[in-house]
């Protein structure tokens, strides 16, 4: 039998600590015991004097997020919608490690992304990176799978990405991204399918074509313009990276950067003028109907009519996307009020695999981040009510009924119900708790009822109350 002092100590240990929740910006004071500090180093040497406390910042690293329950419910809801749309389009889910080889993301294109890597050397001397985007990881897996999979591949993933960049509204240093990609489909049908997936997602979330539009163009438009001015092929990617800054930098700054690559003033003016076009008919007048870019875009607009999302899309020659590997049609979704950065973007990248030393496969895809869409939903008042909801609360009215209450809770959980088992509380607190978590029923395990094999059930929405045999509780 435990001594009185031992029992008293156990009672003290069982007491709640009573820590108040830390307000944003607060720091946690961690105090180490002198013994732990003295023995943490080399035991063969005398312990050096050490600080006995350390202040820990309880905020996550700048640009990252915690997900307390209410935020986690929102994230799960959004991810469920990503998955439902992907499932409806017959895509399969895949995943990859967040930590990848640095070589997968280093490209000599002057891309902004290569300056934003969280990269370092691991303990084995390998250069690694926290992935800044999904597509190279996807390409790596496609190469790894090789001939064991049949084309076309239709894959999606929801993964965390990291970029050390300047933070603005809807832009963080880590975010989650929904990617959908198709490998082995060379025709514009693939882009049409991907754009439908984006539109389906918007419609599921309550967003309309008056809220959001999708700009379309093609990298082949820019290639055709460069060909008109006999610009060397090796400058194509560099020019793409520069003109992607249209809207972020002034026209004068863009022209200056283009001239610095060796382009003539005439070529620079021609590029800027074509990229200012907002009409596919005007583009056809400039480039001619025989240009592949025009034919691809006209086909995609035709598909849009057939799919029923023509009112969502518009031609905008300035869309080139900043990543070097795009080769054909490119697109991005934007809020029509112009308050937010691009909601999502993607395009065709038929020559990505060869940059990793293997045979190319036609491919296209998009990335859709979690941060901007949540900002848009907030602005439009479209965030759902995601209050916590529990089916049942089981509460023993006496301490000796804790065992029977455990049995009741276990039985209900095995039947698929969510059950909160509450002990050591007053009944008044239990009712308030039931209201906080939106419980449907309160199941009271009382002594007289249990002796008869019964429990008391209270339907909290109607206040209806009745007894049920414990074994028949559903």
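Including glycine, each Cβ sits where the backbone N, Cα and C put it.
Cross-referencing 38-67, 68-97 with TrEMBL places the feature region 'Disordered' at 38-67. Counting only same-chain residues six or more apart in sequence, the Cβ atoms lying under 8 angstroms from the Cβ of residue 321 (L-histidine binding site) belong to 219, 240, 244, 330, 332, 345, 346, 347. Counting only same-chain residues at least 6 apart in sequence, those with a Cβ under 8 Å from the Cβ of residue 177 (L-histidine binding site) are 133, 134, 158, 159, 160, 161, 367, 368, 369, 370. Sequence-distant contacts (6 or more apart, same chain, Cβ under 8 Å) of residue 326 (L-histidine binding site) comprise 219, 240, 320, 347, 348, 349.
Within 10 Å of its Cβ, the residue among the binding-site residues 133, 135 with the fewest other Cβ atoms is 133. Of all Cα pairs drawn from 133, 134, 135, 163, 177, 181, 321, 325, 326, which the record names as binding L-histidine, the longest spans 21 Å.
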